[in-house]
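Undergrad: First the structure, which I've put down as structure tokens, then a few questions once you've had a look.
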Amino acid sequence: MSLTERFLRYISYDTQSNEDSSTIPSTSKQWALSNVLYEECLSLFDQVEQGKDGIIYATLEATKVDDAIGFLAHMDTATEISGANVSPQRIQDYEGQSISLKNGLVIDPEIYPALKQCIHDDLIVTDGNTLLGGDDKAGIAIILTAIEQIRAIPHGKICVAFTVDEEIGRGTDTFDLQKFPVDYAYTIDGDRIDDVEYENFNAAQATITIQGSAIHPGEGKDKLVNASLLAMDFAHCIPHDQTPAHTQGREGFFHLIKMDGDVAKARLVYIIRDHDATKFARKKALMQNVVDALNDKYGQRFSIEMHDQYHNMAEFMSDMTPVNRAKQAIQHLGIEPVSIPIRGGTDGAMLSEKGLSCPNLGTGTFLHHGPREFASITKMEQMVDILVQMIKGI
């Protein structure tokens, strides 16, 4: 099966996760792809196991002495937009123009400069109604295509894992490191193929609950307290210039990802992000301070629940061997590697915190989590070559 055939097959499965679910995986539809991958892996690996949580573990035993290397990708897709009924569209030899999707959305390279990295590449885009699923089904396709190519080449021990629920921060909650006995690993979950990422955000989530006081509005004078209006007051207290639309690079942010409510009760859900641990702590303290100030103003109507989700893997990367090995493989193919801090997180961040160094590599897919997501098949093929070179060693 070719790389493109694999990718198109995988994105035909709707595997969106659900943060409001308590099951593992969070959605039963992730099992469909898990079952497909299990069957495919049986013909490629020496040992394959499908966990009760849907995670796939696969091992290819060593045929030469080398480091044991792991590769990971996740099966689920983002919660922001549907991944059901994806309708992929092919563009051969992209020439740099704006791309008009079937529903009228446009991908303008002046607004989305990732397109400029893909001149003369063969692309796959959506029809504008769904995400594509390159995050992270491209990673799965790249890994399995590379494994298919290296089976006849002398190699060290290779372990592969495909996780569930990464997009809702639970990808490694039930991950069994004993079934993944490697010296270091890589998530294949980024975009640029020249980027070896070993820094990511520190991450937390905060849920603010506001209690109002409901009464018939005709009798509301000095009695009615509208929880939804108080929620708006809270949102106005968060620095507007520290939101995703106004930050870049190493700048952290507050991001309101969900809000619901009525007069009697309202709820706001924020994610908090920063690469710097001190600034991260300050952002969390600001959230608590706003709650305290509004409680003083309105009378104990606000409560907050806040928890860390993951931390910057750079804090746990004491050995740069995996980073250097990846960069050497990229250089071997005539590409100059870079290391750009991730404005997000990966399963590798949590695995690094658990003691397994796990930087992130690219997939050749871009504009994730939205209907303008696209894949460069050309760059995905180059990423296969990079993985093969990493496995062969320099």
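Using the three backbone atoms N, Cα and C, a Cβ is placed for every residue, glycine included.
Bear in mind that the values here come from a model prediction, so they are computed numbers and not experimental data.
From TrEMBL, for reference:
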ACT_SITE  ASP76  active site
BINDING   HIS74, ASP135, ASP189  Zn(2+) 1 binding site
BINDING   ASP135, GLU167, HIS369  Zn(2+) 2 binding site
DOMAIN    198-299  domain 'Peptidase M20 dimerisation'
Undergrad: Pop the Cα-Cα gap between HIS369 (Zn(2+) 2 binding site) and ASP135 (Zn(2+) 1 binding site) into the table, whole Å please.
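TA: Between the alpha carbons of ASP135 (Zn(2+) 1 binding site) and HIS369 (Zn(2+) 2 binding site) there are 8 Å.
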Undergrad: Based on DSSP, tally up the residues of the domain 'Peptidase M20 dimerisation' (198-299) by helix, strand and coil.
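TA: So the counts come to 42 helix, 31 strand, 29 coil.
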Undergrad: Work out how many Å separate HIS74 (Zn(2+) 1 binding site) and GLU167 (Zn(2+) 2 binding site) at their Cα atoms, rounded off.
TA: 8
Undergrad: Using DSSP reduced to three states, classify HIS74 (Zn(2+) 1 binding site) as helix, strand or coil.
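TA: Assignment for HIS74 (Zn(2+) 1 binding site) reads strand.
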Undergrad: Can you tell me whether DSSP puts ASP189 (Zn(2+) 1 binding site) in helix, strand or coil?
TA: coil
Undergrad: Taking just the CA atoms, what is the gap between ASP189 (Zn(2+) 1 binding site) and ASP76 (active site) in Å?
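TA: Rounded to a whole number, the Cα-Cα distance is 12 Å.
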Undergrad: Given the Zn(2+) 2 site residues ASP135, GLU167, HIS369, which other residues of that chain have a Cβ within 8 Å of the mean position of their Cβ atoms, reported in sequence order?
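TA: Leaving out the recorded residues gives THR77, ALA78, GLU80, LEU131, ASP136, HIS368.
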Undergrad: Given a separation of at least six residues and a C-beta threshold under 8 Å, show me what packs close to ASP76 (active site) in the same chain.
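TA: For ASP76 (active site), the qualifying residues are THR15, GLN16, SER17, PRO25, SER26, THR27, GLN30, VAL164, ASP165, GLU166, GLU167, ILE168.
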Undergrad: For the recorded Zn(2+) 1 site, enumerate neighbouring residues of the same chain (Cβ within 8 Å of the Cβ centroid of HIS74, ASP135, ASP189, site residues themselves excluded), in sequence order.
TA: ALA73, ASP136, GLY139, GLU166, GLU167, THR187, ILE188, THR346, THR363, HIS368
Undergrad: Let me know the DSSP-derived helix, strand or coil state of HIS369 (Zn(2+) 2 binding site), please.
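TA: Note: HIS369 (Zn(2+) 2 binding site) is coil by DSSP, not helix or strand.
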Undergrad: Name, in the order they occur in the sequence, the residues of the same chain whose CB lies under 8 A from the CB of HIS369 (Zn(2+) 2 binding site) and which sit 6 or more residues away.
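TA: Long-range Cβ contacts: ALA78, GLU80, ILE81, LEU131, ASP135.
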Undergrad: On average, what pLDDT score does this prediction assign to the domain 'Peptidase M20 dimerisation' (198-299)?
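TA: Averaged over the domain 'Peptidase M20 dimerisation' (198-299), per-residue pLDDT gives 98.
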